[in-house]
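To keep things clear, I will list the structure first and then write my remarks on it.
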Amino acid sequence: MPSTKVAALSAVLALASTVAGHGYVQNIVIDGESYSGYIVTQFPYESNPPAVIGWATTATDLGYVDPTEYTNADIICHKNATPGALSAPVAAGGTVELQWTTWPDSHHGPVISYLANCNGNCSTVDKTKLDFVKIDASGLIDDTTVPGTWASDQLIAANNSWTVTIPETIAPGNYVLRHEIIALHSAENTDGAQNYPQCINLEITGSGTASPTGTPGEELYTPTDPGILVNIYQSLSTYVIPGPTLWSGAANNAVASATAAASATATPTTLVTSVASATDSPSTVAPASSTTATSVLTSVVPSVTSFVPVVTVTDVVTVTTVITTTVF
């Protein structure tokens, strides 16, 4: 009897660890204004959830998309994603801070952000028609010790947040910002990488004219990309950030180059991407009509610890084995 109850307790705690361990973007701060993301631990269970800029998903287990699904629409904005009803205004050159609920420190990997022009209202866009341009990317920062310091570690150190600068030269219009962490803690195994894509709607303003050519979401990665199938538990002389090349018009942020490596002497390698004009033929795009989010939606952001199991043990049980849980 006692051993049965200990096993049951262990199972419940393991489930709680899995649910609470992975994160999602719960809040977005744009030029000082806060907007709610899609609260996947709450909204799916409400009969009338609020309209937000974040895309809805069915990933209530806070799970991931693996490489077997790279040609599936789920890789675009997560499981069964549908567009957010609202868009948040941001000026070209402005910043977007994406605040995650949490992120496990064992889940090392790159942080990548893309923009895709909706060419209309993002609330009704067909996600499979979106072409994504990489505007921000950071991967391996320091390989002094295995498994190294990664962009995900910087995100954790920044209170589980990541700031993306909207390129100054991008043409105005309605865009989807696709923001993603790729966890590589199991990536030495085939299909072991874990993608956690998050999408929000933006209405970009400004006088830019650049309309760079993008890549469909289902073509961003392959299971054998060197930055996807990789063993981070050995010293890496090179790490190639997955996906298309960083756009030349991306903001002048310090990022890990898509082709640069941490040096053999274990000195952190950080390159600054220079601001340059897009090589694509520029065109002026006027924003289509959209529903703009104007209010701060703070009341819908719940506590991170939204799932806390309650376990009652009526018998006195002596446990001599330490039970540990692992976040997968």
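Each residue's number is its place along the chain shown, starting with 1.
Note that Cβ sites are derived from N, Cα and C of the backbone, with glycine treated the same way.
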Annotated companion of His22, Tyr196 at the Cu(2+) site, Swiss-Prot, chosen from His107, His108:
His107
Of the residues Cys77, Cys118, which one does Swiss-Prot pair with Cys122 through a disulfide?
Cys118
Among Ser113, Ser235, Ser274, can you tell me which residue Swiss-Prot lists with the annotation O-linked glycosylation site?
Ser235
Which residue does Swiss-Prot record as O-linked glycosylation site, given the choices Thr41, Thr245, Thr320?
Thr245
Swiss-Prot annotates one residue of Ser186, Ser237, Ser299, Ser303 as O-linked glycosylation site; which residue is it?
Ser237
Within 10 Å of each Cβ, count the other Cβ atoms and name the one among the recorded positions Gln194, Ser235, Ser237, Thr238, Thr245 with the highest count.
Gln194
Spatial neighbour of His22 (Cu(2+) binding site) that is closest, considering only the recorded positions Asn80, Asn121, His185, Gln194, Thr238 and their CA atoms:
Gln194
Quick one: of His107, His185, Ser235, Ser237, which recorded positions lie within 10 angstroms of Asn80 (N-linked glycosylation site), measuring between C-alpha atoms? Sequence order, please.
none
Just the number: how many Å between the Cα atoms of His107 (Cu(2+) binding site) and His185 (O2 binding site)?
6
Output the one of Asn80, Asn121, Asn159 that, of all these glycosylation sites, has the highest number of other Cβ atoms within 10 Å of its Cβ.
Asn121
List only the single closest residue to Ser235 (O-linked glycosylation site), chosen from the binding-site residues His185, Gln194, Tyr196 by CA-CA distance.
His185
